[in-house]
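Participant: Encoded as C-alpha cells, here's the structure I'll be asking about.
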C-alpha cells in the first residue's frame, strides 16, 4: 500500500498560473520576445509532467494558454467602434477636417495681445504682430457662404449710419456746450439728437426732434439781434464805447469794444495810468499793446473821458428826438431842476470847506499838541475855529 500510494501521488503541486513560477513570470514580462521559445518549452514540459495527475485535479484548474495580448499592452485595450461609442479613444486621434474653421487663422490682430493680456501664446488663433499676420484665401466668401439675414440687416444699418455721418458734421463742428444746453432746455433725446437709435422708440419720455432745427432758431435770433445793433451803430458813427454798451443793454447781445489799427481792444481806462515797468526799466514787453501809458505824452484824462462817455450814453438814450439844450432844460421837471441846483450847491460848499481848512495854521489848531509848545504862562491869542 505504501508503494501504490507513493506511485499515485503527484511529484509536485501545480501553481495556479499553469506551471509558471514567479521568476519565470518576471523574466517573461521583462523580455517577452527573447523568452518566447523558453516559455513554450517550459509550457510543454509542465504539461508532460502534469499528465499523470490530471485525473485528481478539478476541471477549472487547467493550464492557462499563452496569449499574445499578455505581451502586447497596447492590444489589450478595446478599439473604439461605431457600435461601441463608450469605448476609450485611441492615443492618436485622426486629423480633424479644418473646413471653414481655420481659413481666418491669424488673419486679424489679437486685441488681447495689444493690451498685453493674451494667455494663449503661440496657440492663439489671432496674429501677434504684423509679421505673424496672414491673408485669407481669395475665395473665402464662397467657402463661408452667404451670411444670415440678421447680419445683412446690421450691415445695412451700418451703411445708413455712414451715409448720415456727413449730415452730422455741422453738429460736431458747433460748440458742444451749446448743444448740451439746447438738449437740456428743450428736453430732447440725446441718442436721437446724435444719430443713434433710441431703444425706447415712441415710448421715450424725451422729444425726438432734430437738433439742427433748434440750433437754426437760436442762430436766427442772434442774427436779427446783431443786425439791429449794427444798424444802430451805423446811424451814429461818432458814438464811443459807452454808447455801444448802452445799445448792448437794449439788445442783450455782446458787442466788442472799439479797436485800434493793431487789433487791440481799447477799454474805458485805456492809457489812463502810467506803466510801472516802463517807468522803472524803460522797456515794456507789451509795447504798443500795453493798456498803460508809456510816458506823459500817452497819458489820457480818465475823468474827462468818463464824462464824455456819460454824455454819449445820454445821447444814445434820446437818439430818436434831438432836443436843444435850452428846450431840454425847460422841459425838465421842477423837482429835477431843484435837485440839480441843490447838488451843485453841496459841491460848492464842500470845496469852500476844503479851501477854508487848507491853511496849516488853522489845521494845527484842531489838535491839542500846540498847547505843549507854548511857554509856561502864555496863552493863545487866536481862538480855535470850529
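For all residues, glycine too, the Cβ spot is worked out from N, Cα and C.
Swiss-Prot feature annotations, pasted as is:
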COMPBIAS  20-37  compositional bias 'Polar residues'
COMPBIAS  43-58  compositional bias 'Low complexity'
COMPBIAS  72-85  compositional bias 'Polar residues'
COMPBIAS  151-166  compositional bias 'Basic and acidic residues'
REGION    1-90  region 'Disordered'
REGION    136-166  region 'Disordered'
ZN_FING   104-131  zinc finger
ZN_FING   183-211  zinc finger
ZN_FING   269-297  zinc finger
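What's the neighbourhood like for these features in this structure?
Facilitator: The residues of the zinc finger (104-131), classed with DSSP into helix (H, G, I), strand (E, B) and coil, number 8 helix, 2 strand, 18 coil.
The average pLDDT computed for the zinc finger (183-211) is 84.
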Participant: Kindly report the helix/strand/coil residue split of the zinc finger (183-211) according to DSSP, in that order.
Facilitator: 12 helix, 2 strand, 15 coil
